[in-house]
Amino acid sequence: MKMKRLVNKLLFVIVIFTFLTSVAGCSDDTKTSSNSSTSTQQSASKTTSTKNTTADTSKSPIQLETVSVTKGIDGDTIGVTTKDGQYQKVRLIGVNTPESTTQHEEYGEEASNYTKSQLVGKTVYLEKDTGDTDTYGRLLRYVWIQPPTEITDDEITDDEIRNKMFNAILAYNGYAQQMTVQPNVKYAEYFKNFCANARDSSRGLWAININGTTKGDTIAQVNNSSAGSDIGTSTSSTSQISDSSSAGNSSSDQSNSSATQQSTVQQSASSDNQGTTVYITPTGHKYHNAGCRTIKNSSTAVFLSEAKAEGYEPCKVCNPPQ
């Protein structure tokens, strides 16, 4: 009898132990399943987030090349490194900041420092227009600090351009004047309006001079058409001073006065000429006047200031402005 009770107790203990073991196993399976489900959800969330980032970039209505800005050269020129590790100089299309490298124009340093502070070390997105490179081999591009995504009637909105394209940001904030060079004119009207807004509000370089501080294309045309009359006026002034001097000075004093004034005229003409258009060739090292017999149809028009900045020297045959 006692033996039977002992066996029953032993069986009861075995049943209880088996039950508890089964319950513990189910609990572990539930935790594992829960952890697996949580991990799967987190992974899916990360994947969704990544896809959303890619989708935002792909929503842009234009083709963009992603690059890293590794150098600031001046206000409208930067150095970038492409995804394949190549270094390229990029000239911003449609705008012209005051010179700050080989020459120093008013507000040039401010424009250069602003570009460097905003772009160097950042990822930007390059948009190409019709032309690919300029005469100096620099890429001609619109530089977007963020890909544009807001579109109205299949066009990028005004706010997107003003706030996300660095070319436009320079124009709107008064760091640059408009410089339109065919055939890259996609956003020319925007740049014109942004520069006008900055000028009317006296922002940036426009606070220094209502006519701007760079030798842009509009100023270059004025200089070309009026250079002769400006020099003529200065020469007339020189003549008057010489006549006045002759009344009470010796002929030697007259000569010295005339020479001094003539030097002043030449310096003034040289300064004005920096916005004059000259011509260069892809393989040459000289810049020329239009129609110079030493150049052919492959010549390219550039500003005198740009030609000199790139190391071109005046042609000795046609004797262009210096």
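Cβ coordinates are placed from backbone N, Cα and C, and glycine is handled just like the others.
Here's what TrEMBL has on this protein:
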COMPBIAS  32-59  compositional bias 'Low complexity'
COMPBIAS  225-272  compositional bias 'Low complexity'
DOMAIN    63-208  domain 'TNase-like'
REGION    27-59  region 'Disordered'
REGION    221-277  region 'Disordered'
SIGNAL    1-24  signal peptide
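DSSP assignment over the domain 'TNase-like' (63-208) gives 43 helix, 49 strand, 54 coil.
On the 0 to 100 pLDDT scale, the domain 'TNase-like' (63-208) averages 94 in the predicted structure.
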